[in-house]
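Enquirer: There's a structure below that I have some questions on.
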């Protein structure tokens, strides 16, 4: 006998979370829980405002229709909305025992605000020291100075930078001007520095700073090809689609010798623990980009190891099905 349940949830967010110039006061999403006999599987569906093509309401409609059809014995195709396809495919993978339990809970800590806050945490990190810095939110010159300071202060640090296409070519050059050329090889990559891929490629050629594709992966004309200066791709499964599509993209990138970073779209702790399992499975050599739980006021259903945030159980969820 099949049982499918759909829950809606809301978590308060840290006051400082701004996405695409809008403040995110709460994180809202859905869970699907599939049960068949003794087996069960969970998945998270949480479109990210300003980034996902679908709204939460659209995702909810598609999810409920799929869940009802599956419960009634059908094998419905995955919905087209990326977050819904991803969440359902994770629940199916858990149900079928296809999503390994081993997880990569290492985090590339997210440095936002004062770089002094990061020094102690990084200095205490065992093994590979990798951190992420969001750039493009302030003046490009300030960003360059902060990045230079971090690389100078911690000699074995590798930085991942994310500009979210914020810079014109001129601003990107202003940033690079303040990063000592001797340190630039320790910038693991800079995600999407400019508004167009062509400008980003030119930036890499002119500065020697490696770049990574993120938003580009979700554009219709994107193709996986080896390009000078491109070192990595960043895959956000909630924005990508089904687990199968994520696997295909990882395989295509690895075939070209590119690093692949599995990255958060600010999922709940349940979704983040699944992403940690996907990272351990598909990208075991690469620290994932999952350091977003601290932006939230609580965890849901499944806790992240060593997080001090309170954990809310199923009783805190709103049942829809």
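Yeah, the Cβs are placed from backbone N, Cα and C, and that goes for glycine too.
Pulled the feature table from Swiss-Prot, pasting it below:
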type     : residues      : note
ACT_SITE : 134           : active site, proton donor
ACT_SITE : 236           : active site, proton acceptor
BINDING  : 162, 191, 214 : Mg(2+) binding site
Enquirer: Tally every other Cβ atom lying within 10 Å of the Cβ atom of residue 162 (Mg(2+) binding site).
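Expert: So the Cβ neighbour count for residue 162 (Mg(2+) binding site) comes to 22.
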Enquirer: Give the sequence-ordered set of same-chain residues, not counting 162, 191, 214, with Cβ within 8 Å of the centre of the Cβ atoms defining the Mg(2+) site.
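Expert: Other same-chain residues near the Mg(2+) site: 160, 161, 163, 164, 190, 192, 212, 215, 234.
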Enquirer: Expressed to the nearest Å, what is the distance separating the residue listed as 'active site, proton acceptor' and residue 134 (active site, proton donor) at their Cα atoms?
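Expert: Between the alpha carbons of the residue listed as 'active site, proton acceptor' and residue 134 (active site, proton donor) there are 16 Å.
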Enquirer: Quick check: of the binding-site residues listed here (162, 191, 214), which one has the Cα closest to that of residue 134 (active site, proton donor)?
Expert: 162
Enquirer: Determine the most Cβ-crowded residue among the binding-site residues 191, 214, using a 10 Å radius around each Cβ and all protein chains in the structure.
Expert: 191
Enquirer: Counting other CB atoms within 10 A of each CB, which of the active-site residues 134, 236 comes out lowest?
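Expert: Looking at the active-site residues 134, 236, the Cβ with the fewest others within 10 Å is that of 134.
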Enquirer: With DSSP assignments reduced to helix, strand and coil, which class does residue 191 (Mg(2+) binding site) get?
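Expert: In the DSSP reduction, residue 191 (Mg(2+) binding site) maps to strand.
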